[in-house]
């Protein structure tokens, strides 16, 4: 029987859908990660970080999970914690969407909001402070550096893309939050399956820290509206050596593209999904990518952004 022991085991096997209004002659397909158990790509890493912590004895019954989140990883950790019987405290910048905050509280999270201007660095610092207050009680899973993050994408997301495209994938486009998706998928296809695809990282034009780092420039993070990517620093889980190209997208374009995905493709897409598709659409129309199969990761669905600029001016 196909019955899961708990909801954490139901991750993955999300569909690929060909876009009709983006790209060149149907060469852009999207992997809809909002079909995961708590409705985002982060379900994969939430489950695997908890599983691995249990396996290595770091996380045992009676201990409490702590981490910093911009929302989706927190929701993923929270659903896994609820399913497996753990208490959980999460820190999050106060600027994240109302939906994310309410979902976290609904899942039983002790939610600690941090100053929005300090971004994810501020949330991480607060999480570390909480853990330091009682190290025997708290376990911090550290999504930005935990190897279980890219590992699950190497074991699941990458092989799914390979299988569902019959190995014909040429380009993978993904926004960078923790760096786990693009790193794990690229390692799977390039190293395990042996195909030298083009790995494209997407970041906000307002906070182009990956581009600045690769160019040897001073890193100058900035505020933007693309929740879930552009943390303002280079995460340890981002393997820069496996990235072939970096594309920047501004917040307004990301928002407009996410709205187009809903209205023109019937795909409920969040803001970072809009950024990734905008980057892929731009690439797909270049001569060198015209005949390439481009797979884009759509991290989450639009319901998580009802109170944000994504739905500004849209009334029922």
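The backbone N, Cα and C atoms fix where each Cβ goes, and this holds for glycine too.
Take the pyridoxal 5'-phosphate site that Swiss-Prot assigns to 72, 177, 178, 179, 180, 181: the candidate from 8, 251, 272, 273 listed for it is 272.
Here the Cα atom of residue 268 (hydrogen sulfide binding site) is found 20 Å from that of residue 181 (pyridoxal 5'-phosphate binding site). In this structure, the C-alpha atom of residue 179 (pyridoxal 5'-phosphate binding site) lies 12 angstrom from that of residue 42 (N6-(pyridoxal phosphate)lysine). In terms of Cα distance, the recorded positions that sit within 10 Å of residue 181 (pyridoxal 5'-phosphate binding site) are 42, chosen from 7, 35, 42. In this structure, of the binding-site residues 7, 181, 272, the smallest number of CB atoms within 10 A of the CB marks 7. A C-beta separation below 8 Å, combined with a sequence spacing of at least six in one chain, links residue 42 (N6-(pyridoxal phosphate)lysine) to 36, 72, 73, 75, 76, 299, 300.
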